[in-house]
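Now, the feature entries from Swiss-Prot:
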- 1-59: transit peptide (TRANSIT)
- 68-88: transmembrane segment (TRANSMEM)
- 113-133: transmembrane segment (TRANSMEM)
- 134-154: transmembrane segment (TRANSMEM)
- 170-190: transmembrane segment (TRANSMEM)
- 194-214: transmembrane segment (TRANSMEM)
- 231-251: transmembrane segment (TRANSMEM)
- 256-276: transmembrane segment (TRANSMEM)
Amino acid sequence: MVSLISAHLLSLPSSAPRSRPQSRPPLSPPAAAAAASCSFDLPRPRRLVADGSRRKGTMAAAIPPEASGLAHDLGSAAVTAGVALALLRFFEELAKRGVFEQKLNRKLVHITIGMVFLLFWPLFSSGSYAPFLAAVAPGINIIRMLLLGLGVMKNEAMVKSMSRSGDPRELLKGPLYYATTITFATSIFWRTSPIAIALICNLCAGDGIADIVGRRLGQEKLPYNPNKSYAGSIAMALAGFMASIGYMHYFQSFGFIEESWSLAFGFLVVSVTAALVESHPISTHLDDNLTVPLTSFLVGSLVF
């Protein structure tokens, strides 16, 4: 039995020994370069922060510069109008409480509104629409003067702070000319023109200081106009000139204009001429808020 089993096992075919995997021959340089070109790396997971910043950059690039400048100027116009409104409300409250006499309060409004308004011009961009958006604040005052002067809107405190007699119809003259002048200077000439500086500084600082000084130190009257004094006219010329020089330097620091001695001399000529016209009786019959800016515009067009 055992011999039969042994004979059967010997008759079975022996299994071939397992061959070890033979190492491949090294590739030639051209074949290696081709194999490397076919290989690829799996993409690494990107961080969410990097992806978010890329998305923000894409969105910012999609917004045209004109749109971003317009949004900036709209915000600047809102800030400027808000400050102007706050100043008017402040002087209205002073008029209600009787902190200053009515004439002095009116002249403080006259000086402050225009001078502070100029400070906000550098907030706006260099876009072509910027001066018109900047003119929104004084433009709103034009509408308010019309509504108050025509009796459509009532505001006794504002009328008291901006008129001589408290009559609302008075706002249709001097205060309306005042707001129109600032709107015109802003939208037409803007911050690169010395004419705009001369217009607003002589109207606001010059004319305002002339009345304050003239009422307190104006004993010596002018020979051609007993309602005006030497002190008031000299104060107007100096105040308008100094304010113009100050804003020339202010706008030069932002690169809007280039200050020079010739420009300073031009401001002096405009301020002296405006003071002479303001002292003439014709300014009393018309309105110095009309004659002073007209003079500043005409003379400024010649000297600048």
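Just so it is clear, glycine is given a Cβ too, placed from its N, Cα and C backbone atoms.
Only residues 6 or more beyond the boundaries of the transmembrane segment (256-276), in the same chain, are considered here, and those with a CB under 8 A from a CB of the stretch are 122, 191-194, 197-198, 201-202, 206, 210, 233-234, 236-238, 240-241, 244-245, 248-249, 292, 295-296, 299-300, 303-304. Among residues of the same chain six or more beyond the transmembrane segment (194-214), those with a C-beta under 8 A of the stretch's C-beta atoms are 103-104, 107-108, 110-111, 113-115, 117-118, 178, 181-182, 184-186, 228-229, 231-233, 235-244, 247-248, 251, 257, 263, 266-267, 270-271, 274-275, 278, 288-289, 292-293, 295-297, 300-301, 304. Non-local neighbours of the transmembrane segment (134-154) in the same chain are 73, 76-77, 80-81, 84, 117, 120-121, 124, 168-172, 175-176, 179-180, 182-183, 186-187, 190; each lies 6+ residues outside the stretch with a CB under 8 Å from one of its CB atoms. Proximity of distant same-chain residues to the transmembrane segment (68-88), defined by a Cβ-Cβ separation under 8 Å and at least 6 residues beyond the stretch ends, is recorded for 109, 112-113, 116-117, 120, 123-125, 127, 129-130, 133-134, 136-138, 140-141, 158, 161. Long-range contacts of the transmembrane segment (231-251) within its own chain (CB-CB distance under 8 A, at least 6 residues past either end) are made by residues 115, 118-119, 121-122, 191, 194, 197-198, 201-202, 204-215, 217-220, 222, 257, 259, 263-264, 267-268, 270-272, 274-276, 278-279.
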